[in-house]
Amino acid sequence: MGNCFTKTYEIPITSGTMRRPASTAERSKARGGDEPGTWRRPSFPRHGAPPHRPPTGSSSAAGALSRRASGGGGEMGPVLQRAMVSVRSLYQLDRKLGSGQFGTTYLCTERATGNRYACKSVSKRKLVRRTDVDDVRREITILQHLSGQPNIAEFRGAYEDNDHVHLVMEFCSGGELFDRITAKGSYSERQAAAVCRDILTVVHVCHFMGVIHRDLKPENFLLASADDDAPLKAIDFGLSVFIEEGKVYKDIVGSAYYVAPEVLQRNYGKEADIWSAGVILYILLCGTPPFWAETEKGIFDAILVNQVDFSTSPWPSISESAKDLIRQMLHRDPQKRITASQALEHRWLKEGGASDRPIDSAVLSRMKQFKAMNKLKQLALKVIAENLSPEEIKGLKQMFNNMDTDRSGTITVEELKVGLTKLGSRISEAEVQKLMEAVDVDKSGSIDYSEFLTAMINKHKLEKEEDLLRAFQHFDKDNSGYITRDELEQAMAEYGMGDEANIKQVLDEVDKDKDGRIDYEEFVEMMRKGIQT
């Protein structure tokens, strides 16, 4: 199918009976006919009140900026809480890729570039409850947060019009991992190790960045292209949530074959994702799930009490190392279950040939971008970061804590290097030091939480013009509608950046009409230019 929003061919978690998946052939047949698929309800965090719009001052220039920030008087969308936009003005919607309960996914073409993407159009009529809207917001927030990770389908943007909310994502032309499995029947150990490594990398990155996926299964991994060695891309974060310290999750979600025992017991955390990944690995190696029955209740009972079968064919011919990893991933006690980070170091995955492909994680990519920014842009991002709501920075606190291993409240050079290495980035000590110097705006020798937030702002946080307006007005002290040279020098002097060279660099880069000052249009262009993730 190739789109980044697949149909969900699962057994609903609450009712109904199901067929035993005795073989991959049976599963392929069941999947390939007219069996109805259901769309996952899109999901995201509770937003609360509409965004606050800052006072704009009395000048006509400031008033014009305020009108621009409110979308030029355009109607605000109730779901995304920003000015509504016609997605068809930006993208041409082409053939339908799939449809379901909440909407339809189309192949689409960006009018400005000709690039192809997948667009999921969610009907607002189906978002009847407040929780439905909250779910959509949470999914978008999580997709934005994970933007830039190599094994996660890239999120392009969300748009709202009168009838729909549209989510535009990377188009993955290679189809589903599920279809690749059913076509092959089973994988060689080396092939399975490569796939498992990609899946565990996704799990590790999600957990490191403060997200639990909660619906890992082969259908939710697409291949970037039809090539045999095409990378996997994780999709469908509609059931995902941000990790909250100390919170125990109780709602039963997921897909029957892949759900962890503690989920059925309504007492679980991020370890449930490891169980689901272990089930996928088991299927990769033998073609059938480790726990099955004729009914959903039977499957759940098997998950809770049955032992994993390693005695029937083909398991006697599969290496003990592979079986050891599966046992550790399918340990019934989540506290004794292997973590994603530990699993990636398991000897079976190492024996399978660890990938030597260099990875730029979203964290490293964003820090590199921050380092390359001019000083005004760095300070403007700091203003925006300080005004983001708790909902907008969910996940970032978990990322910061995962790097701040000694819980000092700051990230040292060594902690930064270790954290980037854990995310798969290969980086020299010299480059780490340069990143540290760029992100450490107050030159304290370490990165505090505010500085970390500033560097981690992704491109999607620059979509709301009220945030850009607030940042502009922070520097435009006299509400003239311009940032003058004196105002620029004053702002930069607070952080020891007010030397002539830095000021000249900013004006040369940003002041397009060369009038010696920066207007709002020039400021917005600077802020949105060059941020890729």
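Cβ coordinates are placed from backbone N, Cα and C, and glycine is handled just like the others.
Annotated features, as they stand in Swiss-Prot:
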| type | residues | note |
| --- | --- | --- |
| COMPBIAS | 26-38 | compositional bias 'Basic and acidic residues' |
| BINDING | Leu97, Gly98, Ser99, Gly100, Gln101, Phe102, Gly103, Thr104, Thr105, Lys120 | ATP binding site |
| ACT_SITE | Asp215 | active site, proton acceptor |
| DOMAIN | 391-426 | domain 'EF-hand 1' |
| BINDING | Asp404, Asp406, Ser408, Thr410, Glu415 | Ca(2+) 1 binding site |
| BINDING | Asp440, Asp442, Ser444, Ser446, Glu451 | Ca(2+) 2 binding site |
| BINDING | Asp476, Asp478, Ser480, Tyr482, Glu487 | Ca(2+) 3 binding site |
| BINDING | Asp511, Asp513, Asp515, Arg517, Glu522 | Ca(2+) 4 binding site |
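This view paints the features noted in Swiss-Prot onto the structure.
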residue : record                : CB count, 10 Å
Leu97   : ATP binding site      : 21
Ser99   : ATP binding site      : 15
Gly103  : ATP binding site      : 23
Asp406  : Ca(2+) 1 binding site : 10
Asp440  : Ca(2+) 2 binding site : 19
Ser444  : Ca(2+) 2 binding site : 10
Glu451  : Ca(2+) 2 binding site : 22
Asp513  : Ca(2+) 4 binding site : 10
Asp515  : Ca(2+) 4 binding site : 11
Glu522  : Ca(2+) 4 binding site : 19
Cα-Cα distance linking Glu487 (Ca(2+) 3 binding site) and Glu522 (Ca(2+) 4 binding site), given in Å to the nearest integer: 16
Mean of pLDDT values spanning the domain 'EF-hand 1' (391-426): 83
Non-site residues, in chain order, whose CB comes within 8 A of the mean position of the CB atoms of Asp404, Asp406, Ser408, Thr410, Glu415 at Ca(2+) 1: Met403, Thr405, Arg407, Gly409, Ile411, Thr412, Ser446
Assigned element (helix, strand, coil) containing Glu487 (Ca(2+) 3 binding site), judged by DSSP: helix
Residue pair Glu451 (Ca(2+) 2 binding site), Asp515 (Ca(2+) 4 binding site) - Cα distance, angstrom, rounded: 32
Densest Cβ neighbourhood among Thr105, Ser408, Thr410, Ser446, Ser480 (binding-site residues), 10 Å radius: Thr105
Residues satisfying Cβ distance under 8 Å from Glu415 (Ca(2+) 1 binding site), sequence separation of at least 6: Met403, Asp404, Thr405, Asp406
Candidate binding-site residues Ser99, Asp513, Asp515, pick with smallest Cα gap to Asp478 (Ca(2+) 3 binding site): Asp515
Binding-site residues compared (Asp404, Asp476) - the one with the fewest other Cβ atoms within 10 Å: Asp404
Separation of alpha carbons, Asp515 (Ca(2+) 4 binding site) and Leu97 (ATP binding site) (Å): 51
